[in-house]
Structures are given as structure tokens and as C-alpha cells.
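Quick look at what TrEMBL lists:
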type	residues	note
TRANSMEM	12-33	transmembrane segment
TRANSMEM	53-73	transmembrane segment
TRANSMEM	119-141	transmembrane segment
TRANSMEM	174-194	transmembrane segment
TRANSMEM	206-226	transmembrane segment
TRANSMEM	232-258	transmembrane segment
Amino acid sequence: MTVDYALIFKNLGLVGLWLLVIPFLFITLLTYINRDTKRYLANGCGINSELYLGWLGIFFHETSHLLVALLFGHHITSFRLLKRPHPDQATPNGDRDLTLGYVNHTWNQNSWYQNTGNLFIGIAPIFGCSLVLLGLTAWLLPTLFQGILALTTTPLSLDWENFREALTGATDPWWHWLIALILAINISVGGFDLSQADFANSKTGLIGFTAVITVITVVLTLFQAASGWLKGIAAIILVLSVVLTFSLVVSVLANLLVRLFLQIKWH
């Protein structure tokens with residue numbers, strides 16, 4: 001069997017770009033923007049304002065952690081999907097109780113599966129909230145949803161024309177767009193801000209995940225069967241990128257509105 005090293009490295013580069021680099025960029029940007037929004041809200045309107053503006057996102061954030069932790073066989077010791085912060089009270093480790101929700105879990109340190117699962121548990125809110133936004137789009141904005149689906153039919157050769165036609169020819173009522181925007185702001189502000197604990201938890205599973213996708217990509221490339229693998233990944237990441245780009249736009253809009261409101265309030 002002739003080994004095409006150039007093709008192997010090309011496919012590894014594509015998979016690494018799609019499954020590692022692109023998600024990391026979205027995660028970093030969404031976390032930074034929404035954390036900044038929360039900081040402005042807490043400083044200008046009190047810490048409870050974070051709960052009011054992002055309660056739906058917080059709920060889906062913690063639910064995503066919980067479901068994926070169960071999927072990877074972790075033992076859930078305690079959880080709260082939504083809670084009020086109590087800055088005047090101390091947590092068991094002595095810090096102020098500022099959490100808006102939590103999922104505490106333990107796992108078998110000797111289990112490769114459970115250790116690798118930490119990566120997905122840590123970043124689960126990004127994917128969980130993306131699925132919620134996608135479902136919200138399918139429900140309230142079906143024309144836009146069909147445009148997104150049109151892109152995924154040819155993920156390696158994007159059909160932007162059908163997507164543009166879906167946007168310009170949208171027949172969804174204006175109030176559907178308004179409801180979708182309000183819910184999207186709530187989900188984006190409360191759901192996409194990964195904590196330092198989330199990032200730290202994800203790092204423990206990164207090596208195992210990278211090893212798995214490397215082996216799969218190399219083996220499929222050697223047997224000239226990588227086409228379906230690459231197209232499948234591209235389609236998934238494309239849909240995720242479209243939804244997360246929408247989330248970024250909404251997050252920036254929410255951030256600007258909060259800044260504007262506080263500027264008016266302070267002056």
C-alpha cells in the first residue's frame with residue numbers, strides 16, 4: 001500500500017481546523033464578550049441582573065454540563081440548574097457565593113473514556129446552547145432554518161445563493177424575529193460564558209480527544225475512505241459556525257445595549 005503522507009497531513013490539518021481551532025475561536029470570543037456584558041451588568045445594576053437577562057441561557061448552560069457528564073458516566077454529587085447568587089455568604093472553599101448554577105461531579109481517574117469526557121463536559125454549553133438556538137430558529141424562523149440546511153448539503157462547496165435567497169425571501173412575521181431575538185439574547189448572555197473551571201476541566205480530556213480524531217483520520221485516509229468523514233465533520237461545523245456567528249452578533253448587540261443603557265443611567 002502506497003502511503004500518501006501529503007494527503008494524511010492535509011486531512012489532519014482540516015480536521016484539526018474544524019474540530020479544534022474553529023470551536024476554540026468561537027468559544028473564546030463568546031466567553032469574552034458575554035463575560036464583559038455580565039461585568040457591566042453586575043457593576044451597573046447589581047449581580048442579580050445577570051440572572052434576569054440571562055436566566056434561560058444559564059439553565060441550558062448547566063443542563064448541558066449535566067447531560068454530557070451523565071453521558072460519560074460521571075457521578076453527579078450535586079447540581080443546581082439555576083440559583084440566585086449570595087455574595088454575602090461564603091462557599092465551602094471560602095469564596096463569595098457568586099454562582100448562578102453549578103454541576104459538581106466525580107469520575108474514575110483511570111478511565112480513558114471518563115477522562116476524555118471532561119473535554120466535552122467543559123464545552124458542552126457551547127454545543128447545547130447552539131442546538132437550542134437552532135431549534136428556536138426552526139420553530140420561529142423556518143425560512144432561515146431552511147437556508148441553513150441548504151448550506152449543509154454541500155459543506156465543502158457552500159451554496160451561498162440558496163442561503164441568500166432564504167434570507168431575502170423570508171416570509172416569517174416580524175414578531176417571530178422579535179421573539180427570536182429576545183430569546184437569543186437571553187440564551188447568548190447566560191449560556192455561552194464558560195468559566196475558568198470549565199476551561200480547566202476541558203484541558204484534562206483534550207489529549208485523549210486529539211489522539212482519537214488523529215487515529216481515525218489517518219486510518220480512513222490510508223484506506224481512501226476519509227471523504228465521508230471529512231464531509232460529515234464539515235457539515236456539523238458549518239451549522240455550528242452559522243449558529244455561533246448569529247450568537248456572536250446577538251452577544252455584541254446585547255453588550256452594546258447594556259453599555260448604552262448604563263451610559264444613560266450614569267449620566
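Every residue, even glycine, has its Cβ placed from backbone N, Cα and C.
For the transmembrane segment (206-226), the neighbouring stretch richest in Cβ pairs under 8 Å, chosen from 12-33, 53-73, 119-141, 174-194, 232-258, is 12-33. Residues 34, 38, 41, 79-82, 100-103, 105, 107-108, 111, 113-114, 116-118, 120-121, 124-125, 127-129, 132, 183, 185-193, 198, 254, 258 of the same chain sit 6 or more residues outside the transmembrane segment (53-73) yet have a Cβ under 8 Å from a Cβ within it.
Sequence-distant contacts of the transmembrane segment (174-194), counting only residues of its own chain at least 6 positions beyond either end whose CB sits under 8 Å from a CB of the stretch, comprise 27, 30-31, 34-35, 37-38, 50, 53-61, 100, 122-123, 125-126, 128-129, 132-133, 136-137, 140-141, 246-247, 250-251, 253-254.
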